[in-house]
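**Q** Feature table excerpt (Swiss-Prot):
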{"type": "ACT_SITE", "residues": "C890", "note": "active site, glycyl thioester intermediate"}
{"type": "COMPBIAS", "residues": "210-219", "note": "compositional bias 'Polar residues'"}
{"type": "COMPBIAS", "residues": "243-278", "note": "compositional bias 'Polar residues'"}
{"type": "COMPBIAS", "residues": "286-302", "note": "compositional bias 'Polar residues'"}
{"type": "COMPBIAS", "residues": "314-323", "note": "compositional bias 'Polar residues'"}
{"type": "COMPBIAS", "residues": "340-351", "note": "compositional bias 'Polar residues'"}
{"type": "DOMAIN", "residues": "1-116", "note": "domain 'C2'"}
{"type": "DOMAIN", "residues": "349-382", "note": "domain 'WW 1'"}
{"type": "DOMAIN", "residues": "381-414", "note": "domain 'WW 2'"}
{"type": "DOMAIN", "residues": "456-489", "note": "domain 'WW 3'"}
{"type": "DOMAIN", "residues": "496-529", "note": "domain 'WW 4'"}
{"type": "DOMAIN", "residues": "588-922", "note": "domain 'HECT'"}
{"type": "REGION", "residues": "210-388", "note": "region 'Disordered'"}
Amino acid sequence: MATASPRSDTSNNHSGRLQLQVTVSSAKLKRKKNWFGTAIYTEVVVDGEITKTAKSSSSSNPKWDEQLTVNVTPQTTLEFQVWSHRTLKADALLGKATIDLKQALLIHNRKLERVKEQLKLSLENKNGIAQTGELTVVLDGLVIEQENITNCSSSPTIEIQENGDALHENGEPSARTTARLAVEGTNGIDNHVPTSTLVQNSCCSYVVNGDNTPSSPSQVAARPKNTPAPKPLASEPADDTVNGESSSFAPTDNASVTGTPVVSEENALSPNCTSTTVEDPPVQEILTSSENNECIPSTSAELESEARSILEPDTSNSRSSSAFEAAKSRQPDGCMDPVRQQSGNANTETLPSGWEQRKDPHGRTYYVDHNTRTTTWERPQPLPPGWERRVDDRRRVYYVDHNTRTTTWQRPTMESVRNFEQWQSQRNQLQGAMQQFNQRYLYSASMLAAENDPYGPLPPGWEKRVDSTDRVYFVNHNTKTTQWEDPRTQGLQNEEPLPEGWEIRYTREGVRYFVDHNTRTTTFKDPRNGKSSVTKGGPQIAYERGFRWKLAHFRYLCQSNALPSHVKINVSRQTLFEDSFQQIMALKPYDLRRRLYVIFRGEEGLDYGGLAREWFFLLSHEVLNPMYCLFEYAGKNNYCLQINPASTINPDHLSYFCFIGRFIAMALFHGKFIDTGFSLPFYKRMLSKKLTIKDLESIDTEFYNSLIWIRDNNIEECGLEMYFSVDMEILGKVTSHDLKLGGSNILVTEENKDEYIGLMTEWRFSRGVQEQTKAFLDGFNEVVPLQWLQYFDEKELEVMLCGMQEVDLADWQRNTVYRHYTRNSKQIIWFWQFVKETDNEVRMRLLQFVTGTCRLPLGGFAELMGSNGPQKFCIEKVGKDTWLPRSHTCFNRLDLPPYKSYEQLKEKLLFAIEETEGFGQE
């Protein structure tokens, strides 16, 4: 339970806040029932900080019973907002209510312990403010001392000054407050002098982000004489300055010394002085005597008379100036304390964000860094230009120098940066002189190679390196990957991939040669066309690279760039789409390369690969569902998918396409299959291949036939008046698009109809889906670089992503193993009889029940993947004949009980396949 005191410890929370336990219990909402279901959650807003509860599935009577911990002050106002979460739209506000902690503390005798509040929810609409329901919350764990509210026992006055204006919360100031003499400047600046009078039970004066300008001389209190001095960091100090602004709760113990202090002329007359106030020490401490500069203190009577003449209530500029001249005439020249003036100038500088100035019991000034929870005697300076403060994943503060692209743990200052620059300049000059002396007549081989590089500079973010065996490789800092292929030549249309086992290297002079790792030989001749890098000509060399080699090369890239550990994905089957979207988009793209550990809520299954396969299969079926308007079928007779131009109706459609791109890349990276594939033109666009008119035939036969007719016939004889412009209708809105600049005024003729056909083909593939395609490819490229797919064509990419759909029964039987059964067991014979009699759909359902997916890899059942690599289909004898069959998707194993008849086996298998959903543990 948090207890507040006037000098509460602020080591954990630098702003003096206290912890309050807020339990959001339930709500009763006046709204229509939503047949599609919705999720209700509550936001608690405390001084701009938002804390959310979990989502409740009830739409009218949601219950949470969730405890939230918030940091508050006695003046905090708690705001509760009840929201309705929507999947494809922005969340809707259902109502809001507020609690004033100050009133609640006064009502409940400064104690909030298990206080139950029934809040009326309201919402502003076009007809006014309407009541939308009730919210039940419980406040607990906050006890405030009386001094923290009234701040004094005998005088309830609390003075809060903000921007120079005095605000009195509890009425006019009491007559028992200490009389204070002040000289006001032109801008209402407080240049006060504490008197020797000491008044007990006086109220504190708070200065908030402004100049301390009391409306009358009797509004500032002195600190009690016997109050113990605070310690640094253990309790609140006497004088606090946050970001250069003073918050003086009371003077130090020196206030009881007899005598009238001398006021600094700079503080009294400077019109641009900040709100920082420093208590003036007594005259006996200010006036000193030395050999070079002797200052003789005046008598007490003279000082008092001067103080009366100076500190009259009518403090105009002229009178205050003449008064100070009179005070200075009493002293020799130069008697003003230089230390005092210097400290005044230092305090006018603004502290960096998160820093606070305090004083210890000995009056020494120190500084608190609330960002790192450390203290220092040196005054912090603002960061030099080009520097930035950051926090790493372990909450450690470090500093980034964008000028040199370096980082450091130590906070930089202008002096340290200046010293480092001088040292670095001298070091560079010395190294340059030494290098110029040592290599006077030598040329840099790397510089010569870079100048002679026929491909020019590398793309942005790429770097060329050499390993220990002098093999050149390339680093992509954008995706944190490495590869052997040169990115400048990778994916060129006019250059085909190398044969298996071959590699391109460059000499020191930049001449390209080829390495055959099969025979461990090198040659200047290109094995693809026989042309030499040195001499032109030579015979053509035919070669063929199979799909298996490409797939093995892709798997090698994935394994070499995989990260250790695993990433958990906790989803519910009822909200699979939204849960997966929130978690995948919250992770860093490179974290998605870690091994996946999927958890279905409410199910106790352990993921050794089987749950991940089912998650990919189920989620792909969900996200590619045309019902969400993100994708549509490519044609009437083609059930492959393509991006829906009407997907812009969803305001967050680009975020969803980026998520789908990440998800598809994860499926390729982890070797999992999805349920439904895309159209072949979409795969070609992923591979950056040019789309032709022939690709239109598979997605829009009518459009394709129209363009073919235009190509094969004379359109001028037919009298067709066509222009380089086309209309498109999306959701009933018709828009016109020019195929080229000014196309609506350019007539299509026999001479330019080929250009028209090409532009129409390009427009048909990209109409209304440019932004969606870019978002999809950006999300895909964040996980799997598109360069890794350069060797594949669109059909091979489809097989990699969707697998094989046809089931070869002979291959299935040939690659099945048995445990406690034999090939001639009657249950095994009945099982294969059941598989032969069913259609392909039931076989797919059976395959999904056992392996987690209904798709097969390219190699068929021989390449089924288990938890630790390839694992064949297995049938094991388990249980009694009254049991249902069970499956272990991580190991591709079917537990088949010893049934006594074929009819019993068929009935149990069909029931398990069609009715079972979920995982458990044995």
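A Cβ is built for glycine as well, from the same backbone N, Cα and C atoms used for every other residue.
I would like each feature placed in context: is it buried or exposed, what are its neighbours, and how far apart are things?
**A** If you draw a 10 Å sphere around the CB of C890 (active site, glycyl thioester intermediate), it holds 22 other CB atoms from the protein chains shown. Secondary structure from DSSP puts C890 (active site, glycyl thioester intermediate) in coil.
Mapped onto DSSP classes, the domain 'C2' (1-116) shows 7 helix, 60 strand, 49 coil.
Averaged over the domain 'WW 3' (456-489), the predicted model reaches a pLDDT of 81.
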**Q** When DSSP states are grouped into helix, strand and coil, how many residues of the domain 'WW 4' (496-529) land in each?
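**A** Reading the DSSP string over the domain 'WW 4' (496-529) gives 0 helix, 14 strand, 20 coil.
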**Q** Counting each residue once, how many in the domain 'WW 3' (456-489) are helix, strand and coil under DSSP?
**A** 0 helix, 13 strand, 21 coil
**Q** Could you pull out which residues elsewhere in the chain have a CB under 8 Å from any CB of the domain 'WW 3' (456-489), counting only those six or more residues past its ends?
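**A** Residues packing against the domain 'WW 3' (456-489) from afar: 495, 503-506, 557, 560-561, 590, 781-782, 785, 787.
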**Q** What are the helix, strand and coil residue counts for the domain 'WW 2' (381-414) according to DSSP?
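**A** Tallying H, G and I as helix, E and B as strand, the rest coil: 1 helix, 13 strand, 20 coil.
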